[in-house]
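Enquirer: Supplied in structure tokens, the structure appears directly below.
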Amino acid sequence: MTTIGTPLRTNATKVMMLGSGELGKEVVIELQPLGVEVIAVDRYDNAPAQQVAHRAYTISMLDGNALRDLVEKEKPDFIVPEVEAIATATLVELEQEGYNVIPTAKATQLTMNREGIRRLAAEELGLKTSPYRFVDNFEQFQQAIQEIGIPCVVKPIMSSSGHGQSVIKSEADIQQAWDYSQQGGRAGGGRVIVEGFIKFDYEITQLTVRHIHGIVFSSHRHIQVDGDYRESWQPQQMSDIALKKAQETAEKITSALGGRGIFGVELFVCGDEIIFNEVSPRPHDTGIVTMASQELSQFALHARAILGLPIPEIYRISPAASKAIVVEGKSDNVRFGGVDKVLAEIGTNIRLFGKGEVNGHRRLGVILARDENTVRALETSRRAYDKLDIQL
């Protein structure tokens, strides 16, 4: 039997979010109606999840001592990493001391860099992946490109949302791709992965929820530009064979990582074949579409799994689509005009994340749309997006 205390009382059930972005914000919003006290932590003040949590702290989560001090001060029942840039060695120690890390400290440590998870998937589990090489310097980088061939994809081993990622289409791109990879990693310059370019039919995210009574799945299709999510929709028509292989692949990788919670497993679909790309042990940015398409969004599913609550089934309520609001420029005073026009479109909703500034390009919100099918839902989301007036 699961027992939940009362927030802001001595018997409170406490969740500490490590990372307080827009995905963490929605998890906080789902945890609070379940009676959970939430502490939101990030590297900068007033991050999205901090705006809705009971308490907020600003620290460098790569500082193991600062992270330990905060955990020992708050004594959370559950520690929930939402980003990669965390002192994972400290999480391993805390877990060994009895703290509950979601899904596990091992999962957080392995997935914080692409090398750990790629070697687990390809070399230990035997999952199909693109050909790859890991390199530490420009000389190795050139050799890897020669072995893999052009076109190929370059990514820092520690980055997200496309930062530092590029596609080499000709030899003229090599130097620029290396330089960009050294600027875009979460931990600065360093080791990168060079991957063979996969000719796929489409990409899906296989949301995989490990909960107290087993595993449930929910898949959706997405489009990325330079490694960053732009659109997603659900449902995505795919063959029964491909769907079964996608679920088997997702179950293998998430079972190896262990624990409870939601995982976003990125897969390439080539006919009936499935090729593993990446996995995140947390809600996935492309999964925001589930806020419109499912009775229980990915955030609600994660909240239930964290607390050890049952998930009998995932019920889909409507075809739906999401379109990311990506802003380019420089400003600390972003405003959104035309929100009334966006919401005048039947079946639409908008989520503005509350991020305080933009310097370059940054995802600041998302438009959601429901319709009778995914084609119409995508059209509605794009039409609504065009009515938004972003002011820097």
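Quick reminder: no glycine exception, Cβ is built from N, Cα and C everywhere.
Model, not experiment: these values are computed from the prediction.
Sharing the record's features from Swiss-Prot:
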- E22, L23, E82, D285, K355, R362, R363: N(1)-(5-phospho-beta-D-ribosyl)glycinamide binding site (BINDING)
- R114, K155, S160, S161, G162, H163, G164, Q165, E195, G196, F197, I198, E203: ATP binding site (BINDING)
- E266, E278: Mg(2+) binding site (BINDING)
- 119-307: domain 'ATP-grasp' (DOMAIN)
Enquirer: State the three-class DSSP label for G164 (ATP binding site), counting H, G and I as helix, E and B as strand, and everything else as coil.
Expert: coil
Enquirer: Check E195 (ATP binding site) against DSSP and tell me helix, strand or coil, would you?
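Expert: SS state of E195 (ATP binding site) = strand.
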Enquirer: So, in DSSP terms, is E82 (N(1)-(5-phospho-beta-D-ribosyl)glycinamide binding site) helix, strand, or coil?
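Expert: The residue in question, E82 (N(1)-(5-phospho-beta-D-ribosyl)glycinamide binding site), is coil (DSSP, three-state).
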Enquirer: Need the DSSP three-state call for L23 (N(1)-(5-phospho-beta-D-ribosyl)glycinamide binding site) to compare against my parser.
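Expert: Helix, per DSSP.
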Enquirer: Report, as a single number, how many Cβ atoms besides its own are within 10 Å of the Cβ of E22 (N(1)-(5-phospho-beta-D-ribosyl)glycinamide binding site).
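Expert: There are 22 such Cβ atoms around E22 (N(1)-(5-phospho-beta-D-ribosyl)glycinamide binding site).
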Enquirer: In angstrom units, rounded to an integer, how far apart are the Cα atoms of R114 (ATP binding site) and L23 (N(1)-(5-phospho-beta-D-ribosyl)glycinamide binding site)?
Expert: 21
Enquirer: Taking the Cα atoms as reference points, how far is G164 (ATP binding site) from E82 (N(1)-(5-phospho-beta-D-ribosyl)glycinamide binding site) in Å?
Expert: 20
